[in-house]
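Enquirer: One structure is given below, represented as structure tokens, and several questions about it will come after.
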Amino acid sequence: MKEKITKLRDKHFNLSEETKFRFDLLNYKTDGMIFLTSVLIVPFVLSLFVSYFGYNNNEVFALLYLVSVIVGMVFNMLRNGPGFFKGGYFWIYLLIIGPQIVFIFTGLLMSLFNSSLNNDPKLISAFSSIITMILTEVIIIILAIIYDRKIFKRFKETLKTKWKEVIVIAVAGTIILYFVSTFIFLNLIETKLMGASESENQKNLIGILRDSDKSITIAYVILLFILTVVVAPFCEELCLRNSFNLNASNRWLGFVGSAMFFGFVHYGPTFDFGHILSYSAAGFILSGIFLFTKGNMTFSWIVHLLNNLLAFILILIII
């Protein structure tokens, strides 16, 4: 059975030597563990600690999170030199650190539009956050286009030579992702069995769309589409799958780590542990697609995009 699966993967997902993904470029026992500890293990423990002791202070957690990530990044830079940036290792760090820098400029920009948002702190914060993430992720994608040519060669070769496989994985992956993450874990387990309410992300989002003026709602929907459907799926797969696995430098460490990290970035910063299962399940499915297709984020990106598009449409129906 194992040999048949290996042959199947070789036949349908092998790429040229120039574009294929390497899972073992660094030493996972040192580089991989330093990376995993700084971006996931320490932040996860910090989030639990802050939440358990009732602080629920996003600012305190964000600061400690940044310190942990920056320490790990410095170690990685010192150990791997010039390849740290051009090799694609930097993108995951930039996704975490970048919003804190971009937010400074976004805050100044949004001060010009406070009156248009009725000087509502909740609306100003929501628009600032979504614009910050769009700008951050666009910057990452542009930098990757300039410096990380290999990933786009892989992307081009896949769409040219593996388009049938892309269609099959896109359809099957989207169905599995929705059924497992949304239907089983979110609806059945978290909501019905565990009695969890809407996720913090969903609650804040729906509240803004329902309670705002029509013009504000339309503007937010447009920004939401740009972020969740156009920008985020590609950037998150670039960072949370491709860059994460490069840093982990072990296929199984990368598989488990990137899956858990994907979940963590959605529930950890808001201490929304009631939805740890559904977010983590989505992470494991996308990581599984990345691993099964031999480290080709083209497949996980399209599944991620379709899933977000489906969620976006459902949100529009709800409001």
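Each residue, glycine too, has its Cβ placed from N, Cα and C.
The domain 'CAAX prenyl protease 2/Lysostaphin resistance protein A-like' annotation in TrEMBL covers 221-310. Taken from TrEMBL, the feature transmembrane segment applies to 32-54, 60-78, 90-112, 124-146, 166-189, 218-240, 252-269, 275-292, 299-318.
Are these features on the surface or tucked inside, and what are their neighbours?
Expert: Within the same chain, residues 26, 60-61, 64-65, 68-69, 71-73, 75-76, 92-93, 96, 247-250, 253, 257, 260-261, 264, 268-269, 271, 273 sit at least 6 positions outside the transmembrane segment (32-54) and bring their C-beta atoms closer than 8 Å to a C-beta of that stretch.
Within the chain carrying the transmembrane segment (60-78), a Cβ under 8 angstroms from the stretch's Cβ atoms is held by residues 31, 34-35, 37-39, 42-43, 46-47, 50, 84, 89, 93, 96-97, 100, 247, 269, 271, all 6 or more beyond its ends.
Beyond the ends of the transmembrane segment (124-146), by six or more residues, the same chain brings 88, 91, 94-95, 98-99, 102-103, 105-107, 109-110, 113-114, 117, 152, 204, 208, 219-220, 223-224, 226-227, 231-232, 234-236, 238-239 to within a C-beta distance below 8 angstroms of the stretch.
Nonlocal intrachain contacts for the transmembrane segment (252-269), taken as residues 6+ away from its ends with a CB within less than 8 angstroms of a stretch CB, comprise 23, 28, 32, 36, 39-40, 43-44, 47, 58, 61-62, 65, 199-201, 236, 240-241, 244-245, 275-276, 279-284, 286-288, 290-291.
Sequence-distant neighbours of the transmembrane segment (275-292) (same chain, 6+ residues past either end, Cβ-Cβ under 8 Å): 9, 13, 169, 173, 176-177, 180-182, 184-186, 189-190, 196, 199, 237, 240-242, 245, 251, 254-256, 258-264, 266-267, 299-300, 303-304, 307.
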Enquirer: Is the transmembrane segment (299-318) in contact with the transmembrane segment (218-240), using three or more Cβ pairs under 8 angstroms as the rule and ignoring pairs under 6 apart in sequence?
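Expert: Taking Cβ pairs at least 6 residues apart, the transmembrane segment (299-318) and the transmembrane segment (218-240) are in contact, with 3 or more under 8 Å.
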Enquirer: Residue list, the transmembrane segment (299-318) vs rest of chain: Cβ under 8 Å, 6 or more residues beyond ends.
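Expert: Answer is 158, 165-166, 169-170, 173-174, 177-178, 205-206, 209, 221, 224-225, 228-229, 232-234, 236-237, 241, 282, 285-287, 289-290, 293.
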Enquirer: Based on DSSP, tally up the residues of the domain 'CAAX prenyl protease 2/Lysostaphin resistance protein A-like' (221-310) by helix, strand and coil.
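Expert: When I sort the residues of the domain 'CAAX prenyl protease 2/Lysostaphin resistance protein A-like' (221-310) into the three classes, I find 79 helix, 0 strand, 11 coil.
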Enquirer: Give me the mean pLDDT over the domain 'CAAX prenyl protease 2/Lysostaphin resistance protein A-like' (221-310), rounded to a whole number.
Expert: 95
